[in-house]
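Database features (TrEMBL):
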TRANSMEM  27-50  transmembrane segment
DOMAIN    43-293  domain 'G-protein coupled receptors family 1 profile'
TRANSMEM  62-88  transmembrane segment
TRANSMEM  94-116  transmembrane segment
TRANSMEM  137-158  transmembrane segment
TRANSMEM  198-223  transmembrane segment
TRANSMEM  243-261  transmembrane segment
TRANSMEM  273-295  transmembrane segment
Amino acid sequence: MSLNSSASSHPPYFLLTGIPGLEKEQFWIAFPFFIMYAIAVLGNITLLLVIKTDPSLHEPMYLFLAMLAFTDLVLSTSTLPKMLAIFWMGSGKIGFVSCLVQLFFIHTFSSVESGVLMAMALDRYVAICRPLSHSSILSVTVVVALGTMVLVRGVLLISPTCFLLHRLSFCQHHIISHSYCDHMAVAKLSCGDTRVNAIYGLFVAILVVGSDTFLITVSYTLILREVMKSPTEARRKAFSTCVSHICVILASYIPAFFTAVTHRFGQSIPPHIHIMMANLYVLVPSTLNPVIYGVRTKKIRDRVLLLL
C-alpha cells in the first residue's frame, strides 16, 4: 500500500463517545472524576516537590516513589482533560494523529507504572532481606538506571502499536465507543485484518505484566519469609511499609487485568462496565498512590504537615 493510499484510508478524526449506555449520566459522572483528577494532580505534584526539596528523601524508596508520581501525572493528564470535555461538553472529536499520540502515552506509561512497582518491590526486598548491602546495591546511579530501563522498555514495546494502527484501513469508520483512545478500541474500527494487532497487544501485556508480577511475587514471598523471623516490633514496621505498596499494586493491577481480559474475551460484559473499569484503570491508581504513601509514610507525612 502506498503512502498516499494509506493516508486516505485514515479518517481525519475519530469521535470518542464516552461511556456507551450512560450518555445521559456522563455529565454527573464527570464530577467525581474531576475531584479524583484534582486529588491526583495536587497529590502527585506535592509528592514530587517534597521529595525534590528534602535531601533526606533522596533514597531509593522515595526516588522510585517520585517516578511513580510523575508516571501517574502523565497517565491521568493524558486522559482526564479530554474525558471531562466529552462528558461535560460533548467534545469527543480527536484527530487521527492526536489519537495515536494519546494511546502511545497511555500504554507506555501504564507499562512504566508496572515497571516502577516492580522496582519498588525489589527495593523493599533488598531493604528488608539485605539491609547492610542496601546502599551499595541500590545506589542513586542504579535507581536512575532502573528508571531509565523501565521507560525505554515502555517506549520500545508500545511504539510498534502505533505503526500497526497506522497501516490499517478504516473505511471511514471513526466512532470509538470509549472515553479515550485505546489500542484495541481503535483497531476494532478497522475494516482490515487486525489479528497482528491483537496478538502483539496480548504479547506486550503478558510480557510486561507477567514478568513484573512474577518478580513482585517472588520479592514479597522472600520478604514474608524474612519478616516472620524478625522480632515483633521489626515485623510490625516491615508489614506496615509493605502493606502500602501492596495496596498500590492491587489498585493498579486489578482494573488493568479486567480491562485487558474484557477487550479480548469479555464480549458478554456490558460495554458501560468495561469502559467504566478502563476509566478507573487510569484514574484510581493516580488518585490513591499519593494518598496511600502520603498517609502511611511518616517522613513524607511529616514533611507535608511542615509545609502546611
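Backbone N, Cα and C atoms are what each Cβ position is placed from, and that goes for glycine too.
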Contact between the transmembrane segment (27-50) and the transmembrane segment (137-158) is defined here as three or more C-beta pairs under 8 Å separated by at least 6 residues; is that satisfied?
no
Would you report the average pLDDT that the model assigns to the domain 'G-protein coupled receptors family 1 profile' (43-293)?
86
Intrachain neighbours beyond the transmembrane segment (198-223), with Cβ under 8 angstroms and 6 or more residues off its ends:
107, 111, 114-115, 117-118, 121-122, 124-125, 128-129, 153, 157-158, 160-161, 164, 183-184, 187, 238, 242, 246, 249, 253, 256-257, 260, 264
